[in-house]
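Record features, source Swiss-Prot:
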DISULFID  Cys41-Cys109  disulfide bond
DISULFID  Cys155-Cys184  disulfide bond
DISULFID  Cys328-Cys370  disulfide bond
DOMAIN    26-125  domain 'Ig-like V-type'
DOMAIN    126-203  domain 'Ig-like C2-type 1'
DOMAIN    204-317  domain 'Ig-like C2-type 2'
DOMAIN    318-374  domain 'Ig-like C2-type 3'
LIPID     Cys419  S-palmitoyl cysteine
LIPID     Cys422  S-palmitoyl cysteine
SIGNAL    1-25  signal peptide
TOPO_DOM  26-396  topological domain 'Extracellular'
TOPO_DOM  419-458  topological domain 'Cytoplasmic'
TRANSMEM  397-418  transmembrane segment
Amino acid sequence: MNWGIPFRHLLLVLQLALLPAVTQGKKVVLGKKGDTVELTCNASQKTTTQFHWKNSNQIKILGKQGSFLTKGSSKLRDRIDSRKSLWDQGCFSMIIKNLKIEDSETYICEVENKKEEVELLVFGLTANSDTHLLQGQSLTLTLESPPGSSPSVKCRSPRGKNIQGGRTLSVPQLERQDSGTWTCTVSQDQNTVEFKIDIMVLAFQKASSTVYKKEGEQVEFSFPLAFTLEKLTGSGELWWQAERASSSKSWITFDLKNKEVSVKQVTQDPKLQMGKKLPLNLTLPQALPQYAGSGNLTLALEAKTGKLHQEVNLVVMRATQFQENLTCEVWGPTSPKLMLSLKLENKAATVSKQAKAVWVLNPEEGMWQCLLSDSGQVLLESNIKVLPTWPTPVQPMALIVLGGVAGLLLFTGLGIFFCVRCRHRRRQAQRMSQIKRLLSEKKTCQCPHRFQKTCSPI
């Protein structure tokens with residue numbers, strides 16, 4: 001029998017077995033500090049062969065002995081594991097939990113006379129301080145990285161703004177829209193890992209608001225917050241600058257504790273009313289021209305540096321009629337582009353100007369509308385009814401004057417009438433007197449003649 005060939009085959013197999021394991025290409029895996037990573041290692045065949053994980057110093061970390069998982073005396077001993085259920089499929093991964101920056105190094109998997117190298121790079125991205133920041137404050141994100149790495153960071157804010165940087169990334173002047181989840185991508189050697197950081201921007205829902213009211217109407221000021229906290233404690237104050245006043249003054253001060261509001265001090269004119277629960281609400285009993293102006297509500301939160309601010313404006317409208325003049329006026333901060341108009345109902349505007357007062361002389365009878373509008377959108381409207389001319393306040397005085405004149409004329413006429421009548425009677429009396437006198441003279445003259453006629457001889 002020829003034993004040469006089998007012996008040569010056995011020798012070749014023995015030599016191959018003694019050869020060192022072949023090293024495969026190195027893979028790069030990026031991990032996040034505090035997270036879990038799985039380093040994969042696969043055999044060419046589905047088998048339950050032996051495998052070992054080591055670090056770059058050839059210290060055994062994890063392996064398989066029979067059907068059991070064995071762990072070495074490395075610093076990862078309490079944070080490593082493997083998926084035993086996948087061993088029979090030729091998958092021999094190493095799972096590292098609660099990653100640390102110092103876990104960054106090269107790990108070697110030995111299986112089937114081959115070596116697979118995996119370079120693990122662990123990064124951490126954290127906010128410089130609290131993730132609850134006041135509107136207007138700055139956000140700084142700091143990247144922790146292993147020595148020798150040169151990563152880049154790109155973050156996208158909830159409002160879609162992109163910010164790029166290196167190991168430090170700064171975002172000045174945070175806005176209310178920046179509140180939410182920030183998505184940051186760390187890149188290294190064409191590999192990426194994604195971080196999500198929740199940032200809460202403490203702010204009011206609106207930076208500024210304007211309330212439009214007719215004179216005499218009740219005014220409601222609302223200051224809703226753009227965030228929700230379980231425990232909310234602080235203090236606030238509303239300062240008001242009236243348009244007609246030379247300086248601003250404090251209208252109300254209050255405390256906020258566990259979302260409940262208590263008033264500390266309030267002015268007597270005007271006497272504001274405040275709700276006892278969030279959102280912050282203030283009520284002004286009447287909108288008057290002397291109250292029109294601008295206010296600034298500040299809210300200081302406990303354990304926070306700085307204050308929240310919201311500006312509020314009050315615009316008051318008045319429509320009046322005096323004598324033959326119909327006037328429409330507004331008080332308070334208004335944009336120069338706003339239009340103020342006076343129009344008869346269902347008719348075109350009689351007057352329309354970019355002004356704070358308009359008027360119409362001798363207005364027609366009917367319902368007039370005073371309108372404050374912005375690009376065709378009516379912001380404020382006040383109606384006033386113009387009555388017919390005769391009942392206007394000026395007529396009674398005219399009637400009194402006319403009555404006086406008529407009375408004077410009548411009195412004068414009656415006086416003249418009675419004077420003429422009196423003269424007429426006097427003349428008539430004089431004439432009668434003359435007639436009587438003449439008649440009496442005629443009688444005395446007739447007696448002798450009558451006597452002579454009777455005594456004459458026959």
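Don't overthink the numbers, they just go from 1 along the chain as shown.
Any Cβ shown, glycine's included, is placed from N, Cα and C.
Features as recorded by Swiss-Prot, highlighted on the structure.
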{"residue": "Cys41", "record": "disulfide bond", "DSSP class": "coil"}
{"residue": "Cys109", "record": "disulfide bond", "DSSP class": "strand"}
{"residue": "Cys155", "record": "disulfide bond", "DSSP class": "strand"}
{"residue": "Cys184", "record": "disulfide bond", "DSSP class": "strand"}
{"residue": "Cys328", "record": "disulfide bond", "DSSP class": "strand"}
{"residue": "Cys370", "record": "disulfide bond", "DSSP class": "strand"}
{"residue": "Cys419", "record": "S-palmitoyl cysteine", "DSSP class": "helix"}
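The domain 'Ig-like V-type' (26-125): residue composition by secondary structure is 12 helix, 50 strand, 38 coil, according to DSSP. Cys419 (S-palmitoyl cysteine) is 59 Å away from Cys328 (disulfide bond) when you measure Cα to Cα. Cys109 (disulfide bond) has a Cβ environment of 25 other Cβ atoms inside 10 Å. A simple Cβ count within 10 Å picks out one of the disulfide-bonded residues Cys184, Cys328 as the most packed, and that one is Cys328. The most densely surrounded of the recorded positions Cys41, Cys419, Cys422, judged by C-beta neighbours within 10 angstroms, is Cys41. The recorded positions shown are Cys41, Cys109, Cys370, Cys419, Cys422; of these, the one with its CA atom nearest the CA of Cys155 (disulfide bond) is Cys41. Distance from the CA of Cys422 (S-palmitoyl cysteine) to the CA of Cys184 (disulfide bond) is 119 Å.
Cβ neighbours of Cys370 (disulfide bond) (same chain, under 8 Å, six or more residues apart in sequence): Met317, Ala319, Cys328, Leu340, Ser341, Leu342, Glu381, Ser382, Asn383, Ile384. Residue pair Cys109 (disulfide bond) / Cys422 (S-palmitoyl cysteine) shows a Cα separation of 150 Å.
Distance between Cα atoms for Cys422 (S-palmitoyl cysteine) and Cys41 (disulfide bond): 146 Å, as a whole number. Geometry remark: Cys41 (disulfide bond) versus Cys419 (S-palmitoyl cysteine), CA distance 142 Å.
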